[in-house]
Structures are given as C-alpha cells and as structure tokens.
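Annotated active site per Swiss-Prot: Y113, in sequence order, evidence recorded as sequence analysis. The annotation Fe cation 1 binding site is assigned in Swiss-Prot to D75, E106, H109. According to Swiss-Prot, the feature Fe cation 2 binding site maps to E106, E168, E202, H205, an assignment based on similarity to another entry.
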Amino acid sequence: MPLIPEEPLLASSPDRFCMFPIQYPQIWEMYKKALASFWTAEEVDLSSDTRHWETLTPGERHFITHVLAFFAASDGIVLENLAGRFMKEVQVAEARAFYGFQIAIENIHSEMYSLLLESYIKDSDEKSRLFRAVETNPCVEKKAKWALRWIDGSETFAERLVAFACVEGIFFSGSFCAIFWLKKRGLMPGLTFSNELISRDEGLHCDFACLLYSLLRTKLTEERVKGIVADAVEIEREFVCDALPCALVGMNGDLMSKYIEFVADRLLDALGYDKLYNAQNPFDWMELISLQGKTNFFEKRVGEYQKASVMSSLNGNGATHEFKLDEDF
C-alpha cells in the first residue's frame, strides 16, 4: 500500500510558534481581511426592532426565532471544531492566526444571536427552549448532529474541511437569504444589519476553507466531495423548505430550494470540482451575498465595517509597509 504523503499544512513544525516569515502570503491576506472586518455586537442598533417585531405575523416570528436558535447553537459547534481540532491540526502560523481570529468572531456572532433572542422573546420558558434548540427542536437537532459528527469522527482533515465549509456555506444560506428578504421588505433593521455583517464573515470563513483545501496535496475524489455537499443540501432544504418553511416569511419554497443548490454549486466550483445541480440564482437581489469567494459583497465594506488601515498594510506579498518617524510634516 503506497504511503500517503504528509500534508505541509499539517506537518509538525517549530515555525508554528513564530508568525514571521510568512510561508503562505494568500493565507496571510485572508487573515488581514478578517482583521479588517472586525465588529462588535454593541455596534448594532436594535432600538427599532422591538417595534417592528410587534407588527410581524405569528408565522414570521416563528421563522425568525427558530432561525436564530439554530444560528446561536451552530456558532458554538463551529467554535468547538476550531478549538478542538483544526487549531491543533494545522501547523502553519498564519493559518492558525486566521482560526484564532475566527474563534473571536464566532463568539461575537453567538453573542449577537443571543442578544437578538433576548430582545425579541420576553417569555422566559420560550427563551430557554430556544437557547436549547439543539435538544428541543428536531429540525435544529438534525443540522447540529450532522455538523457534530465531523468533529469527533475519524475522517481525514480534507473531508472535515469540506464538511465545515458546507456548514458555513450551505447550512446558513437559506436562513441568510430569508433574513435578507425581510430587509428587502424594510423590516427588522437591527436583525438585517447584523445578518449582513455575519453573512460577510461566514463567506470569508468559507473562502478560507476553500483556500486551505486548494493547498492540500491529497484531494478527495469528486464523488466523495459531491456526496458531502449533497448531504448538506438535503438537510438545509428540509430545514428551510419543510421543517421551518420559508413560506412563513412570504418566500417561495421551490425558489429557495434552487437557491440552496446554486450556493452548493458555487462551493463546489470554489473547491475545484464540477457543479452538481447547474442551478441559476433565482434571487437576483441575493447576488451580493452568494458566498462566491472573494465577493464584491466583501469589497463593498458593508456598513463601512472594514478597517482601512489594516488592509493598506498589505503590499501584495504578505509583507507590511515600513513605518517611519522621520517624514517631513
């Protein structure tokens, strides 16, 4: 049986303790993009949302609360995978820097979703049930179980990398889309603005997974990757079209199903494989957040939440500009 070559990204190295010299400029640039997009939950104004909440239909409220319940739990699952496995496995300092910052951002997402639920739900029993949705809600539990099985499983790093790209790229897609639909209708400004920031972050995290995958020497077979992606698509479709139908917020389930397939095709393309569904984007207004890689959505700097000084420090090769104190003023 031929030996499988060791992956440079995973090969133990004392260099992992020092940030410089940068080994992978493209990873360093991703890290800097993540830094430039830092935001906090305190920067999201929820003052108008309570008034809007009272005008929503019971179906709309049900949809929003259960989407938020899934989001609140899923960020914790992503965190557990990053801290428990990926951070220990990846040995490249700049990749570990990205994961370290992603952990901080996922904590902010988790705080944001929890704040939204706190703000909207006044009944303490219902609030408790939603915060424990992984145990109390079958449709949330199914998605969570699929993600959790990859944390403790014996699958290769490549398989788990693809699976968590699906968690962040596909499992959030239908819900992100539905919340953007609310924005299109002029509803819930705090929720929809936080959704813009979070969907941008998750798009970058998904891009990072695709970048790391491209740097692996041993790739998965097309059949294996498409199997993982198709699994995720079916679970997301069931979640947002059946168990928690997007019709509750006035969206067409068939179009939503097509949108999920479209997002999955984009992910497959980013991973270097052929499309599975050949689906078109049925929601032209979602072009900006189709999680397509280095998106124009990211470059638009949603709400100007990109720290210009961080990005200007990059000069194309991962190095930083020289800082001088002897300039003439």
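All positions are counted from 1 along the displayed chain.
Backbone N, Cα and C define each Cβ position, glycine as well.
Of all the binding-site residues listed (H109, H205), H205 sits in the most crowded Cβ setting, with the most other Cβ atoms within 10 Å. Listed in chain order, the residues near the Fe cation 2 site other than E106, E168, E202, H205 are D75, V78, Q102, I105, H109, V167, F172, D201, L204, C206, each with its Cβ within 8 Å of the site Cβ centroid.
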